[in-house]
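Trainee: Swiss-Prot lists these features:
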{"type": "BINDING", "residues": "His64, His93", "note": "heme b binding site"}
{"type": "DOMAIN", "residues": "3-147", "note": "domain 'Globin'"}
{"type": "MOD_RES", "residues": "Thr13", "note": "phosphothreonine"}
{"type": "MOD_RES", "residues": "Ser45", "note": "phosphoserine"}
{"type": "MOD_RES", "residues": "Ser51", "note": "phosphoserine"}
{"type": "MOD_RES", "residues": "Ser53", "note": "phosphoserine"}
{"type": "MOD_RES", "residues": "Lys60", "note": "N6-acetyllysine"}
{"type": "MOD_RES", "residues": "Lys83", "note": "N6-acetyllysine"}
{"type": "MOD_RES", "residues": "Cys94", "note": "S-nitrosocysteine"}
{"type": "MOD_RES", "residues": "Ser140", "note": "phosphoserine"}
Amino acid sequence: MSNFTAEDKAAITSLWGKVNVEDAGGETLGRLLVVYPWTQRFFDSFGSLSSPSAIMGNPKVKAHGVKVLTSLGEAIKNLDDLKGTFDQLSELHCDKLHVDPENFRLLGNVLVTVLAILHGKEFTPEVQASRQKMVAGVASALGSRYH
């Protein structure tokens, strides 16, 4: 089931085609760890996360950010089945990693902020509304195992 209109899908896919996953991924995960420092506990193996500059310059943060945004790219290809797309990741984050599902919402909001910064005037209110709908859908799909 999908709550995305044709206009939503067009806005989401159009902007995503312009996203540099390497730049946006590291920036998004880095900002999540800086703005919401309690999320750092899930990344103990990443080395130094002792300051904003250490986090933003950490190659493991950047690499994992790319992995996260690559998964989001898959979601964009499957907007009508976000739950199915993220079923295995939901299971991993719930059963093995024990990540609070609220963190998925926070990550989505940080991503929207990063995309707004990177895409400036192209990131219109309509694009933002569609993107917010998408990250909310992804957060719900990732949190589905918790329900």
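Numbers here mean position along the shown chain, with the first residue as 1.
Backbone N, Cα and C atoms are what each Cβ position is placed from, and that goes for glycine too.
Show me how these features fit into the shown structure, please.
Mentor: Taking all protein chains in view, 17 other C-beta atoms sit within 10 angstroms of the C-beta of His64 (heme b binding site).
Listed in sequence order, the residues of the same chain lying 6 or more apart from Thr13 (phosphothreonine) and placing their CB within less than 8 Å of its CB are Ile76.
In the structure as shown, the Cβ atom of Ser45 (phosphoserine) sits within 10 Å of 6 other Cβ atoms. In the three-state DSSP reading, Ser45 (phosphoserine) counts as helix.
In this structure, Ser51 (phosphoserine) belongs to neither helix nor strand by DSSP; it is coil. Its Cβ taken as reference, Ser51 (phosphoserine) is surrounded by 10 other Cβ atoms within 10 Å in the chains shown.
In this chain, none of the residues that are 6 or more apart from Ser53 (phosphoserine) has a CB less than 8 Å from its CB.
Mapped onto three states, the DSSP output places Lys60 (N6-acetyllysine) in helix.
The Cβ neighbour count for Lys83 (N6-acetyllysine), using a 10 Å radius and every protein chain shown, is 16.
For Cys94 (S-nitrosocysteine), the number of other Cβ atoms no farther than 10 Å from its own Cβ, over all displayed protein chains, is 17.
Neighbour count (other Cβ atoms within 10 Å of the Cβ, all protein chains): 18 for Ser140 (phosphoserine).
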Trainee: Would you identify the secondary structure of Lys83 (N6-acetyllysine) according to DSSP, in three states?
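Mentor: DSSP assigns Lys83 (N6-acetyllysine) to helix.
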Trainee: Out of Lys60, His64, Cys94, Ser140, give those recorded positions positioned within 10 angstroms of Ser45 (phosphoserine), comparing C-alpha atoms, in sequence order.
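Mentor: So the list reads Lys60.
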